[in-house]
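Quick notes on the structure that follows.
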Amino acid sequence: MEAAQGRLGPEPELSVGAEHQAATFSGRPSRTPSKPPSVRTLSGEEEAESVGVSSRHPRASPKTWSGSIAHGPELDTWEDKPSSRATPSGARGRRGVPGSEHAPPPSSWYPEPEPSEDQPSALRVCRRGSPGGVEMNVELPQQEGDDDDDEDEEAAAGRAGRSFPSRLQDSRSLDGLSGACGGGGSSSSGETGAGGGRRATISSPLELEGTVSRHGDLTHFVANNLQLKIRLSGAPPPVPPASVRPCLTPAPTPTIPPIDPDVLRDLERLSRELGGRVDRLLRGLGGAVQELTALSVGCIQTYRDAVDSLGEAVDMSIKGMYTLLARCEELERALQPVQGLARQVRDIRRTLEVLEALCK
């Protein structure tokens, strides 16, 4: 692509290049005399810019176009510099056709017919040499990868349920992204230069599901509608309605084996025995609880009777003590005359002693 479309000449000769370009897109030969453009070697950035500019022209027109460029005496200079013209690789190589020494035939004035879909169009550069100059027919095709990309996009969009306008918009945005990534890369890549802006991203299904960008060795993928995809992936499959279900579908075979009736009878008998034992256990437990309750009631009554009898005994003792005190007081009052008698007895005894002494 760089060999076919780059190196049109310096900036001061843009008017001449515009006239040739107008004659080329109109499909008719240019009748204005042209000046031989000076040939110069472009740097990597200028080559990338020329590739980006030229890659947009084939997309503008789906048909191939042919241009006629007449060169003057600088033919030898142009052919002697192989380093300034890079031969495209792959199917876009230069196919030289030996031209006549006379003017180009009238058939080259009009655009050539479109190539078929099965046969990919290629970049064709034909040199027709003449003593006065050289004529070069350049046929710039549409990108050969567009058909494959469109088929992949339609298939992936059909699976994802996206509409055709959204796929076209994604394709255009990805083309612009690919052009930006390709313009920032190295100019020595032959495949990028020969592809004419072909996508530098990864497979088409990823491009349809989101945005893919490359920064050096890293590839970034941003999915569209990530929350919706997560919700759809986690949603249970819808149950078909009853009207849609087939009526003649065979019933599923039971996975449980048939039950033996003897097992059921044994299970019933064992259940009854277990129930009887549980009933007897509950009855015994109830009787034991009743006995414990009666014993507890007897203990409580005995304690109450003991407390009552103890209280009565204490009351009787208290009453006896008070009665004894009262009797003691009565006895003291009754013994008061005895003290007088004791005094009289002492007086009589003294009198007797005096009489006994007089008698001696």
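From the backbone N, Cα and C atoms, a Cβ is placed for every residue, glycine too.
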Selected residue, Swiss-Prot feature phosphothreonine, from candidates Thr41, Thr77, Thr192: Thr41
Among Thr201, Thr211, residue that the record in Swiss-Prot marks as phosphothreonine: Thr201
Candidate annotated in Swiss-Prot as phosphoserine, out of Ser163, Ser173, Ser213: Ser173
